[in-house]
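Input: a single structure, listed below in structure tokens.
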């Protein structure tokens, strides 16, 4: 009979940052007796989850993709944002063969260069500076028809902040004397990741056919009209931008389409609508044979050229476990399932040997303030069963509530989400202790601890650059080390499990045996 395993469990409370000021702080204002007691009585510390400590630009807020890559890799992983910033600064971006090849092919055939992406300074899914560089590259290489299809943010940026970005691009096109903003639409439609194809279809039709609910002469006018309709950036409806006498920007066979988002999860659905021959998310009214370029690899099964292929990461926590014949479980809801699997494994889609996965469906609601508990009850039930099964050496779980409800900007809902999490943590900690296992509780970045922007008074829907908690629950008598970061978690787990740390992991263990 096999011996029951005592699992090393990592619970990631998504968007659960640490901030001592109680003002607009959903975590502080929630009733959290369990987390309060654990923080008071167990070994704990604060760790960095943003900026240079996770391979992002200095003081850049953290995010879920970056957080999970660092958590699983056990080393600082330089993110696409930082990599692209450097490429543009050193001008190697302007000679990237995939990008220049697509532009040159369109130019020589007299075709258009379409550029789409999230027009945002948020730096989570994209950065407008990269899009600006792409526009400049297309113009420098002789493209006459340059069409920008702008997805508006308001989620990783303040809810109404797109005007200055759109103005920057309208000014740039005026300066170049060619090209224009051809369409605007909120990311709610263009960047869905939950198979809500009715939303994606509106973005697809807008770009392929130049057909939308609204049409305006300029992007700024289109945005102001959306605000007058009470639509924040994220929810701006499909709007064609075309002045009297301007050519239609509908896509044609042979045009280039360059997708400037660097984060994969919200880029996949719209990409598949453009490139998959067997696409069945919705009936496409117009199928265009485009020269489609993805900035980074959105998924291994999307077979189009990629300007910046992933750098492979050897010996992530998942791979190291598999090499040592350890069993592991990854478990989360739909919203963060990719994070505990694909991202935690360093961008590897295929599960490792001995790696099981459990996906709990996130509730089908328009926005998660309507159901702040999300699917946490079912997630906890499955997680507790896995902990007590004796089957797993390590379990990685993500609770999305703090982040997904934090993004809505609704304080009462975020408080409810945090209180729900407290109840879940109680059950998980009890289960771990009942089998003599070990538990680390942490977060990938902050969000719910800052629900209002003090400078603007608007709802704060974005992530923060604040530290996150790390708490140990288990039988070992440990002392916490200060100054940690997300990439120290994997080495910490290995140390607690009595395993060797691979040389690729440069993180340090954050608890020492007293």
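Positions of Cβ are set from backbone N, Cα and C atoms, glycine also.
Per Swiss-Prot, the features are as follows:
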{"type": "ACT_SITE", "residues": "64", "note": "active site, phosphoserine intermediate"}
{"type": "BINDING", "residues": "14, 64, 444, 445", "note": "Mn(2+) 2 binding site"}
{"type": "BINDING", "residues": "125, 155, 156, 187, 193, 263, 264, 265, 266, 336", "note": "substrate binding site"}
{"type": "BINDING", "residues": "403, 407, 463", "note": "Mn(2+) 1 binding site"}
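Annotated features, which come from Swiss-Prot, shown on the structure.
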residue : record                 : contacts (Cβ under 8 Å, 6+ apart)
14      : Mn(2+) 2 binding site  : 64, 336, 339, 398, 399, 400, 401, 402, 403, 404, 443, 444, 445, 447
125     : substrate binding site : 118, 156, 187, 191, 261, 262, 263, 266, 267
193     : substrate binding site : 265, 266, 268, 269, 335
264     : substrate binding site : 65, 296, 297, 298, 299, 338, 342
407     : Mn(2+) 1 binding site  : 15, 155, 368, 447, 461, 462
463     : Mn(2+) 1 binding site  : 15, 50, 61, 62, 63, 124, 156, 403, 445, 446, 447
Look up residue 444 (Mn(2+) 2 binding site) in the DSSP assignment and reduce it to helix, strand or coil. coil
Give the sequence-ordered set of same-chain residues, not counting 14, 64, 444, 445, with Cβ within 8 Å of the centre of the Cβ atoms defining the Mn(2+) 2 site. 12, 15, 49, 62, 63, 67, 68, 336, 339, 398, 403, 443, 447, 463
Determine the minimum-neighbour residue: among 266, 445, listed as binding-site residues, which Cβ has the fewest other Cβ atoms within 10 angstroms? 266
Can you tell which of the binding-site residues (156, 403, 444) has the fewest other C-beta atoms within 10 angstroms of its C-beta? 156
If H, G and I count as helix, E and B as strand, and all else as coil, what does DSSP give for residue 403 (Mn(2+) 1 binding site)? helix
Structural state of residue 266 (substrate binding site), classified by DSSP into three states: coil
Secondary structure of residue 14 (Mn(2+) 2 binding site) (DSSP, helix/strand/coil): coil
